[in-house]
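Here the structure is laid out as structure tokens; the discussion comes afterwards.
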Amino acid sequence: TENGPQPKKHRYVRKEGNCNVVFRHVPEEWLLFVTDIFTTLVEIRWRVMFLIFALSYILSWLFFGVLFWVIALAHGDIRDHTNDPCVYEVRSFTAAFLFSLETQTTIGYGFRGMSENCMIAIIIVTIQDVISCFIDTFVIGIVVAKMASARKRAQTVGFSNCAVINLHNGYLCLSWRVGDFRRNHLVEGTARAQIVRSTMHATGKVDVTYEDLVIQQRDLVLVTPTTIFHRMEPSSPLYKMSLMDLRKADFELVVSFTYTDDQTGMLHQTRTSYTPAEILWGQLFQDMIRVTRRSYRVDYAMFHHTAKVLVPEVSAEEYEL
């Protein structure tokens with residue numbers, strides 16, 4: 001009912017930028033993860049990745065150790081120590097495992113080695129060396145890709161904790177602030193904003209709608225923190241919204257900033273969202289840039305600070321009239 005208790009609505013996009021969406025009953029989900037195994041390993045946690053890599057090495061050593069032990073057993077090297085062995089000083093399973101480990105890691109202690117008596121053992125050693133190169137290449141590639149992940153760089157570009165509505169150049173404008181916390185600058189970036197509304201029907205069906213907001217200056221070079229403005233004009237979904245309407249509204253403002261890093265050349269995206277309670281009417285972001293004789297100084301302590309200003313509490317449509 002209209003005046004009854006309303007169920008608590010969860011964010012569509014969390015403040016840190018992660019989407020609050022859980023997928024269920026995906027067809028052939030495990031097959032999709034295995035098919036794109038490289039991306040799967042890049043996205044998993046570090047401890048799980050280290051466990052998988054450690055098991056890949058240990059299991060490969062055990063597998064080839066068993067093969068060398070079977071070869072030595074079939075050739076009679078274990079029973080007859082006077083026989084010309086396939087692999088020198090491999091008379092037990094422990095010795096076969098150590099030989100497999102030394103071969104794959106190219107330790108080469110000089111104690112155990114191949115002989116020319118068994119062609120099958122030579123073929124197994126060759127196969128193990130090739131597989132070892134593949135494992136090393138895969139591990140190094142995954143670690144480098146995970147360390148250079150775009151998500152880590154996205155954490156150094158942030159948005160203000162709240163958005164504000166105030167007068168800008170004679171128009172009611174919705175604005176928020178974005179800044180880069182690292183010293184190396186971004187090559188270029190594009191800002192985007194959407195109004196996301198989710199409607200639940202009596203049948204349980206949920207409709208999610210998206211409305212794009214026109215941003216005055218989308219393309220940015222983020223050298224210093226920048227305030228992004230959306231003018232509440234007739235084409236804006238917020239054009240007929242007053243302060244009272246905003247307090248009763250049920251939507252989510254999802255903003256993003258897509259940019260290229262000048263150090264790595266990689267494409268990144270930082271996201272966040274604002275609920276109506278986080279959109280402050282009649283507030284203005286405080287200045288955080290000071291000009292000195294030698295440079296521009298940016299005080300990030302003022303990044304989230306706002307100050308009250310006089311702003312009409314009517315909608316942009318009523319203000320223009």
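The count begins at 1 with the first shown residue.
Quick reminder: no glycine exception, Cβ is built from N, Cα and C everywhere.
TrEMBL: automatically predicted annotations, no manual curation.
Under the heading domain 'Potassium channel inwardly rectifying transmembrane', TrEMBL lists 13-149.
Marked as domain 'Inward rectifier potassium channel C-terminal' by TrEMBL: 158-319.
Below 8 angstroms of C-beta separation, residues 41, 78, 85-87, 90-93, 96-101, 103-104, 118, 120-121, 124, 128, 131-132, 135, 139, 142, 146 of the same chain, each at least six residues beyond the ends of the transmembrane segment (48-72), sit close to that stretch. Here TrEMBL flags 48-72 (among others) as transmembrane segment.
Under the heading transmembrane segment, TrEMBL lists 119-145 (among others).
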Original post:
Taking DSSP states H, G and I as helix and E and B as strand, how many residues of the domain 'Potassium channel inwardly rectifying transmembrane' (13-149) are helix, strand and coil?
Top reply: 85 helix, 6 strand, 46 coil
Subject >> Segment confidence, the domain 'Inward rectifier potassium channel C-terminal' (158-319), expressed as mean pLDDT >> reply: 87
